[in-house]
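Below is one structure; the comments refer to it alone.
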């Protein structure tokens, strides 16, 4: 099946919340039958918090994203969860704009890398809503 996205070549202006932008990136890269919300409680790292060893490639995407946000937070005044940025969705890829090393660009690159990783990783239904106390130590 072919998934047609109206976002395909749209320039997305900065939004007030980074979560909206990250959600749009995810929606652009994942299979049509999935929703971005299905990635919000997956494995040990996709969603709030995170601990233990990632359980698969998709969970590793979230682990890397969490660490990337941790690095971004070291930039003076940078809050990755609320930092907006400029980007473009085009030809099945994502382009981040802005000066290298700035909070906005670093956060955009974190989200871009994670979204593309999601699109290239298998989604295993049994890894959604797992008991993290049991599986993520």
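Along the chain as shown, the residues are counted starting at 1.
Glycine is treated like the rest: Cβ placed from N, Cα and C.
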45, 47, 49 bind Ca(2+) according to Swiss-Prot; which of 56, 66 goes with them? 66
Between residue 44 (disulfide bond) and residue 65 (active site), the C-alpha gap once rounded to whole angstrom: 13
If you measure from the C-alpha of residue 61 (disulfide bond), which of the recorded positions 45, 46, 49, 103, 108 fall inside 10 Å? 45, 46
Cα within 10 Å of residue 111 (active site) is the criterion; apply it to the recorded positions 46, 49, 68, 103, 136 and give the hits in sequence order. 68
